[in-house]
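Novice: One structure follows; several queries about it will come next.
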Amino acid sequence: MEEPLLHAILGLVLLLSTRTDASAARSKKGPIKEVVMDMAPHSFDDQYQGCIDLMEAELQELNRTEFANETFAEGWRSATEEWQRRWGRVSSPMVLRQDQAIAVLAYTMEGELYRVFNNATLTAGRSRQHYLSSYPFKTLHFLLSRALHTLQESQTQPCHNVFRGVRGTRFTAQQGTVVRFGQFTSSSLQKKVAEFFGLDTFFSVETCYGVPIKDLSTFPGEDEVLIPPFEQFRVTNSTYTAGRSFIQLRSQGKSSTYNCEFVKEKRCKERPCAFSADKSSPLPRSPWPGWAPLAAPHSH
């Protein structure tokens, strides 16, 4: 076997071995869950258009309140420690602010946070009141949304072809329909990596709002691209063979039901606030050139 090929195989084995605990949990045999893909109508899909500064002004108090959620508090503490280990002593210019980078780290770390967060995001939009009173991840949702927006603006490649493998859930989708994942959705630029995570459903996706987070991820070898809840896709192919689903998706822009909901509740009771709530937008224009990986934030 040629040496470069051997190194590539050993690298993939090393990558997969880093997730032994998570993969073991995900590989437990059980009944396959059947899910029909749609527009995820109960998703909380806020893009915070027109209220970024107002939302950031609320973060300190909001974050303190949400630390009562132990899953969030523990995930955030671990991610903060990892950020300090990687970039705490470096003073190079940054792409993301410290809190946005920590949010991405927290999402990619082992543990329950990403799973609990995603499940909550899928249903937090069942009503505005449910989001306001029962969704304990408002801070994380906002910071992740802003992180992806910032990275998307700074990359040179507007769209990416990625893969997503799912174990334990068999998704079905009608060809020609428009669907959303409705949560922050992990995918990989490497097909082999995606296959490792499952083959009960396998997605091939063109995303124009998902962005590579390799330089921010706890597991950079996964070549992860993180897709936001509000991106919508056309189903271009959907097949079912030997108990497995294959679904091909092409980006169709973005669509949101909600906009600036937390700020509206906090600041707009006396008089209506005017935000630019672009409910549906086309694909992005060419992004800004000169994307650079996260180096290190300045000290705050």
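Including glycine, each Cβ sits where the backbone N, Cα and C put it.
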Novice: In Swiss-Prot, the residues Arg164, Gln183, Ser217 are said to bind NAD(+). Which of Tyr107, Tyr258 is said to bind at that same site?
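Specialist: Between Tyr107, Tyr258, Swiss-Prot records just one in the NAD(+) site with Arg164, Gln183, Ser217, namely Tyr107.
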Novice: Out of 26-50, 276-300, which range is noted as region 'Disordered' by Swiss-Prot?
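Specialist: Of 26-50, 276-300, Swiss-Prot gives region 'Disordered' for 276-300.
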Novice: What same-chain residues, at least 6 away in sequence, bring their CB to under 8 Å of the CB of Glu224 (active site)?
Specialist: Thr108, Ser186, Ser187, Ser188, Pro212, Ile213, Lys214, Ser217
Novice: Tell me, roughly as an integer, the mean pLDDT over the domain 'TR mART core' (70-256).
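Specialist: When the pLDDT values over the domain 'TR mART core' (70-256) are averaged, the result is 95.
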Novice: Work through the disulfide-bonded residues one by one (Cys51, Cys208, Cys260) and name whichever has its CA nearest to the CA of Arg164 (active site).
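Specialist: Going through Cys51, Cys208, Cys260 one by one, the closest to Arg164 (active site) is Cys208.
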Novice: Measure from the CA atom of Cys51 (disulfide bond) to the CA atom of Cys159 (disulfide bond) and give the result in Å, rounded to a whole number.
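Specialist: Cα of Cys159 (disulfide bond) to Cα of Cys51 (disulfide bond) measures 26 Å after rounding.
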Novice: Cys208 (disulfide bond) to Cys260 (disulfide bond): how many Å between their Cα atoms?
Specialist: 23
Novice: Other than its own, how many Cβ atoms are within 10 Å of the Cβ belonging to Ser186 (active site)?
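Specialist: Around Ser186 (active site), other Cβ atoms within 10 Å: 22.
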